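What follows is one structure encoded as structure tokens, with my remarks underneath.
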Amino acid sequence: MAGDQLQVLNALDVAKTQLYHFTAIVVAGMGFFTDAYDLFSISLVSKLLGRIYYTKVGAEKPGTLPPTVSSSVTGVALVGTLVGQLFFGWLGDKMGRKKVYGMTLLIMVVCSVCSGLSFGGTPKGTMATLCFFRFWLGFGIGGDYPLSATIMSEYANKKTRGAFIAAVFAMQGFGILFSGIISLIVSSAIDHHYKAPTYEQNAAASTVPEADYVWRIILMFGALPAALTYYWRMKMPETARYTALVAKNAKQAASDMAKVLNVEIEAEEDKLERISKRKSNNFGLFSKEFLKRHGLHLFGTTSTWFLLDIAFYSQNLFQKDVFSAVGWIPPAKTMNAVHEVFQISKAQTLIALCTTVPGYWFTVAFIDIMGRFAIQLMGFFFMTVFMFAVAIPYNHWTEKANRIGFVVMYGLTFFFANFGPNATTFVVPAEIFPARLRSTCHGISAAAGKAGAIVGAYGFLYAAQSTDKTKTEHGYPPGIGVKNSLIVLGVINFLGMLCTFAVPETKGKSLEEASQENVDGDDEAEGV
């Protein structure tokens, strides 16, 4: 009974690309812009936090965050994000996409501001407050993943749906880029106005009191883009697929979409009642029927996102450490505190501008031509190739004459992450599960990704330490070194390529076709 489609859903599937599509991309995308800004801006200021709060008088090198503090500051938002993805993903299927959408944005705005206002009489107190607010910031960010993807997939037409969902996610690239630009502006302004010697020249004077404003301003700036889009989020009507297929209100769905599409749409309440009685529209998440229809799909979306994020977040959150190791960022003691922020920001901004952002938009351009499966497989393949190309001859890349080559090769792994699985793992879970479970299953898939990010954030921090005990950062035990850590990431990328074979292709299909909502097992057997 694949042809037994509600008129309102068919109207959405065949609608020409128009203004409301682009409005939805911008409104949903600004949430992702904020998500990326908030998650990745911490890597720009973590070295500064170490200098301000953990420098010891007379020490040869500037202070760094102790291992437990560093991993907590970097990783606590990821833990919050994981919890938020599961909770808000479930809530989006229970209460509706729109109602929950506003909640997540408000949490993000409030907690971005509070992160910058973190207070405490001791270093430990300040870091504990920062971690508290970043956990709840992550909680709000987590809700944005399943809701943005689900709303965009349910609004889009089937011809360009992949590009629209990928465009929402591509705003993440601009968020990473913007965090680097804001950090460059703030650090250069403070560094220019408050001249300070390097740590080598005068350790005490190398960190000016005003440096404390730098990290606070950078973190608080994340509230601005989210606040600007709140009004427009609240004006968006509930998606027709939720209203019709989950809330069972055909009249409201037809009315909402008639306004959006500017066409007459019949309510078709009798047809909706008939559709809602099908076996394919009545099984739950923990049923044998779900396992039979979507068990392999859920394994595919969770495993690929988990493996991708181990590599992706390791690379993003700790690229400053990798660049320091190969000498692209000067040694910390040859800079003052604020200038170090500038150098780290410059490196991240260049990588984002030249490889991260273009990678996202290549996916937007080609996803509805090549398909999700081909892009994801290709991305994992080239991530594996370039990671091994960086890792195996690692000592060659550390020589001064070869550093630019290293940055190019390392940057290409970012490009193929984004013109590859980082985008497709976000797109596919929003297409292949039934409407009543779509937000929940996307949340589960995304949470698996954040579990990988947590493994990357906590694990890479320790693993990348030198095998020589005398060369590790203060407080860290010896690790396996940057070279071996990069080899491990290459292996993880290869496993991601293998798990991609459990992910179905959805190019050109309606959401009801892709999720098999309009095909009943009994109907197929009877040849109906």
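From the backbone N, Cα and C atoms, a Cβ is placed for every residue, glycine too.
Unlike curated records, TrEMBL annotations are generated automatically.
According to TrEMBL, the feature coiled coil maps to 251-278.
Feature annotation from TrEMBL assigns domain 'Major facilitator superfamily (MFS) profile' to 24-508.
Here TrEMBL flags 69-88 (among others) as transmembrane segment. Residues 38-39, 42-43, 46, 49-50, 54, 100, 103-104, 124, 127, 130-131, 134-143, 145-147, 313, 317, 439, 443-444, 446-447, 450-451, 453-454, 457-458, 461 of the same chain sit 6 or more residues outside the transmembrane segment (69-88) yet have a Cβ under 8 Å from a Cβ within it.
Annotation comment: TrEMBL describes 100-119 (among others) as transmembrane segment.
Sequence-distant neighbours of the transmembrane segment (163-190) (same chain, 6+ residues past either end, Cβ-Cβ under 8 Å): 21, 24-25, 28-37, 40-41, 44-45, 148-149, 152-153, 155-156, 208, 210-211, 213-214, 217-218, 221-222, 316, 338-339, 341-342, 344-346, 348-349, 352-353, 356-357, 359-361, 363-365, 367-368, 418, 422-424, 426-427, 430-431. What TrEMBL lists as transmembrane segment is 163-190 (among others).
Per TrEMBL, the feature transmembrane segment maps to 213-232 (among others).
Residues or ranges marked as transmembrane segment by TrEMBL: 349-367 (among others). Sequence-distant neighbours of the transmembrane segment (349-367) (same chain, 6+ residues past either end, Cβ-Cβ under 8 Å): 162-163, 166-167, 169-170, 172-174, 176-177, 180-181, 184, 319, 375, 407, 410-412, 414-420, 422-424, 427, 507.
Annotated transmembrane segment per TrEMBL: 373-392 (among others), in sequence order.
Positions annotated as transmembrane segment by TrEMBL: 404-423 (among others).
Annotation source TrEMBL lists transmembrane segment at 443-464 (among others).
Annotation comment: TrEMBL describes 485-503 (among others) as transmembrane segment.
Here the transmembrane segment (443-464) has Cβ contacts under 8 Å with residues 67, 70-71, 74-75, 78-79, 81-82, 85-90, 92, 142, 145-146, 298, 301-303, 305-314, 317-318, 321-322, 325, 425-426, 429, 476-477, 479-482, 484-485, 488 of the same chain, all six or more residues outside its ends. Counting same-chain residues at least six beyond the ends of the transmembrane segment (404-423), those with a Cβ under 8 angstroms from any Cβ of the stretch are 166, 169-170, 173, 304-305, 308, 311-312, 315-316, 319, 322-323, 326, 328, 351, 354-360, 362-364, 366-367, 375-376, 378-380, 382-383, 386-387, 389-390, 397-398, 496, 500.
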